[in-house]
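*Asks:* Quick paste from TrEMBL:
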DOMAIN    3-95  domain 'Pyrroline-5-carboxylate reductase catalytic N-terminal'
BINDING   Ile7, Gly8, Ala9, Gly10, Asn11, Met12, Ser33, Ala67, Ile68, Lys69, Pro70  NADP(+) binding site
BINDING   Asn54  NADPH binding site
DOMAIN    160-264  domain 'Pyrroline-5-carboxylate reductase dimerisation'
Amino acid sequence: MYKVGFIGAGNMGYSMMNGLLEVYSPQDITFNSNTISTKERIKNELEIDYRESNIEVAKESQFIILAIKPYMYGKILEEIKEELTSDSIVASIAPGISVEEIKKMIDNKSKVMRVMPNTPVLVKEGMSLISYNEEELTQEEISDIKKIFSSFGKIEILEEKYIDIAMPVTGSSPAYVFMMIEALADGAVKLGLKRNIAYKVISQAVLGSAKLALETGTHPGELKDQVCSPGGTTIEAVRVLEEKGFRSSLIEAVIANYNKAQNMK
């Protein structure tokens, strides 16, 4: 395996570096960030040394992860492209920017792939969507890519055309889930339950429900029906959710997320 360099070290970059320590030593990872406090925090907490410039990161690393905002791509890639080689692998985690667009920005000098992780990578339960061109990668490189991103959760290899479509329900979906947990807790608190207890029991219920769906492979609708007794309390709650547009709100949120990503370049 080869040295991994992060350009950008926000929440996602930090979480990925933390997970990567499962399969890499700190000496094989490097990064750069715009803020000194972030650099020092990562150095102290993860024992990963930082570099003073993006150019240094690109020069030292074969595998470069761009953990930056979409609007920064043009400037950053122009800055580092002279350090890239045909052996370099550039991984983008930005929505809405295609492999072809990135290759143009770096004069087609390197191998480029896309990855869409999500914040649960911090606890090694992430879901990362990955797209790459098998024809430009060796089997060893593909194996290493899978090993890197499996170190902090599950991976799914997709054609690039599906990455932006799936991103709203993987990369962004933790936010929807946290909103649901918070709203459920608010309801429980209104009825008299202590908030800390509400958060704990609801979070476990969400975790268990997800595990049940994954491990059984049963259709979510069928699992929902198993909880709803005829004339019972759960079906009454489901009736209210349907009345208030629970499903349609989520569908529209996913579509809005996708459309926003297409306009962030």
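Cβ coordinates come from backbone N, Cα and C, glycine included.
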*Asks:* Please state how far apart, in Å and to a whole number, the two most distant Cα atoms are among Ile7, Gly8, Ala9, Gly10, Asn11, Met12, Ser33, Ala67, Ile68, Lys69, Pro70, the recorded NADP(+)-binding residues.
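*Replies:* Greatest Cα-Cα span of the listed binding residues: 16 Å.
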*Asks:* What counts of helix, strand and coil residues does DSSP assign across the domain 'Pyrroline-5-carboxylate reductase dimerisation' (160-264)?
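*Replies:* Per DSSP, the residues of the domain 'Pyrroline-5-carboxylate reductase dimerisation' (160-264) fall into 88 helix, 0 strand, 17 coil.
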*Asks:* Express the distance between the Cα positions of Ala9 (NADP(+) binding site) and Asn54 (NADPH binding site) as a whole number of Å.
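*Replies:* The Cα atom of Ala9 (NADP(+) binding site) is 12 Å away from the Cα atom of Asn54 (NADPH binding site).
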*Asks:* Rank the binding-site residues Ile68, Pro70 by the number of other Cβ atoms within 10 Å of each Cβ and report the first-ranked residue.
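*Replies:* That would be Ile68, with the highest Cβ count within 10 Å.
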*Asks:* For Ala9 (NADP(+) binding site), what is the tally of other C-beta atoms lying within 10 angstroms of its C-beta?
*Replies:* 24
*Asks:* Restricting to the same chain and to sequence separations of six or more, state which residues have a Cβ under 8 Å from that of Ser33 (NADP(+) binding site).
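*Replies:* Within the chain, Ser33 (NADP(+) binding site) has Cβ neighbours under 8 Å at Gly8, Ala9, Gly10, Gly13, Lys39, Ile42, Tyr50.
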*Asks:* Quick one: DSSP breakdown of the domain 'Pyrroline-5-carboxylate reductase catalytic N-terminal' (3-95) into helix, strand and coil?
*Replies:* 45 helix, 17 strand, 31 coil
*Asks:* Report, as a single number, how many Cβ atoms besides its own are within 10 Å of the Cβ of Asn11 (NADP(+) binding site).
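*Replies:* The answer is 11 other Cβ atoms.
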*Asks:* Which ones are near Asn54 (NADPH binding site): of the binding-site residues Ile7, Asn11, Ile68, Pro70, which have a Cα within 10 Å?
*Replies:* Ile7
